[in-house]
Each structure stands twice: as C-alpha cells, then as structure tokens.
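Chemist: So TrEMBL says this about it:
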TRANSMEM  46-67  transmembrane segment
TRANSMEM  88-106  transmembrane segment
TRANSMEM  112-135  transmembrane segment
Amino acid sequence: LTAVALGQALVVAVIATAGFHISGGHINPAVTLSLAVGGHITLFRSALYIVAQMLGSSTACILLRWLTGGLATPVHALAAGVAPIQGVVAEIVFTFSLLFVIYATILDPRKLLPGVGPLLTGLLVGANSIAGAVLSGASMNPARSFGPAVATGVWTHHWVQCTGSGRWSVAPSLCWCTSASSWRPPAHTSCCLRRRERVAGRGALDYWREFNLLGPATSDVE
C-alpha cells in the first residue's frame, strides 16, 4: 500500500510539473471544475479539459489491460463494512484537502514556497491514498475512477467517487474565494481570460502568468 501511494504521489507531482507550463497540469476533473467555478479558467476550456481527462484515463486503462494480457484493472470500491454514505463523506474530505493544498500552494500569490506546489500536491495525494484505503480508496479524481470502470465494466459504487470528489469539488473554491483572510480572484479575471483567448499568438505561458503562477513576464507589457 505504501509503495502504491508513493508511486501515485510521484506521478502526480511529475505530471503536474511537466504539464504546468502547457495547460496548467490539469489531470483531475475535480480540480478543473473547482478552478472554473473560481473564475481561473473558462467553462468552455474546463469542459474540453474534462473530456480529455476522461478519454485519457479510459484509453490508458484499456491499453494497460491489453498489455497485461487481460488482467483485471483494479477499480475503486468501498472497503468491507463501509456504507455508501460513509464513502461519500470520506471522498469529500479527501478531495477538499487536495483542493485546499492546490489553492494554498499554487494559486495563492502569498504562497511561502513558490514552485513546489505540484510536489506538495503529489505528497498529499499519497498521504490520502494511504489514509483512504480502508474507506473508499481515496479516489479524489473522477477520471481516475472512470477509466478502470470503463475497462472492466464494473460500476459498483462508482457513484460514490463521482459524488464525493466531483460534485463537491466546488466547495473549496467557494470557501477560498469568500474567506475574508484568503486571497480572492482579481475582479478583472474573467475579462482577462476572454482577452487572452482572443489575442492571437499568446501561449499558455502568458495565460497562466495572468494569475502570477509562473512569476512576472519580463517582456509582458499590458
């Protein structure tokens, strides 16, 4: 279990870091939905990301099953003795903690250690995976549960992960943005996003600099 959790932590940290300058490192529909509600990305862009995440997860699991000669891909399931409502609450808690770390270490301009957000996020995923193994499996990612279900055809209690990690993913965004002691998205966020998407030749690097995620651009003149 510890080895699996460590592997998940490293994968999340590396993939998020590698894709950060391209698309923001979106690999989780729960994170994407939360950022869309918080005004950090447009709803249209978030919809495209979520479709890509679901397709990517499904393709990867189907490919894995073929490469292993038809071995079953483990799916997220409730542990013995855990009721569905308990699983939903557990997923809400795990997903909330994940999104809290993302907001605090990546999105907040007052973060103490710039650049280490993806690593801290990966470590949190690993810790939650260990803690949640005896409950709901700690999916925290609807795509991570969707892919194995598609590959195996096992949908038992799949709604638990989708409800806990998906539908409640907007809560951290709302809590963070309405807290008097936390950073609030700039009032010009939405218009900046629209303007960035209209300007030809501006890449993802400039798009993410809009939120000070990559530091100031020396050649970016407004």
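Numbers here mean position along the shown chain, with the first residue as 1.
Placement of Cβ uses the backbone N, Cα and C atoms for every residue, glycine included.
Since this is a predicted model, take the numbers as computed values, not measurements.
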Chemist: Do any residues, 6 or more residues outside the transmembrane segment (46-67), come within under 8 Å Cβ-to-Cβ of it, and if so which ones?
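Modeler: Those are 23, 26-29, 32-33, 35-36, 73, 142-144, 146-148, 150-152, in sequence order.
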Chemist: When you scan the chain for residues with a C-beta under 8 Å from the transmembrane segment (112-135), skipping those not six or more beyond its ends, what do you find?
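Modeler: Result: 1-2, 4-6, 8-14, 16-17, 20, 25, 78-79, 82, 86-87, 90-91, 94, 97-98, 101-102, 105-106, 215.
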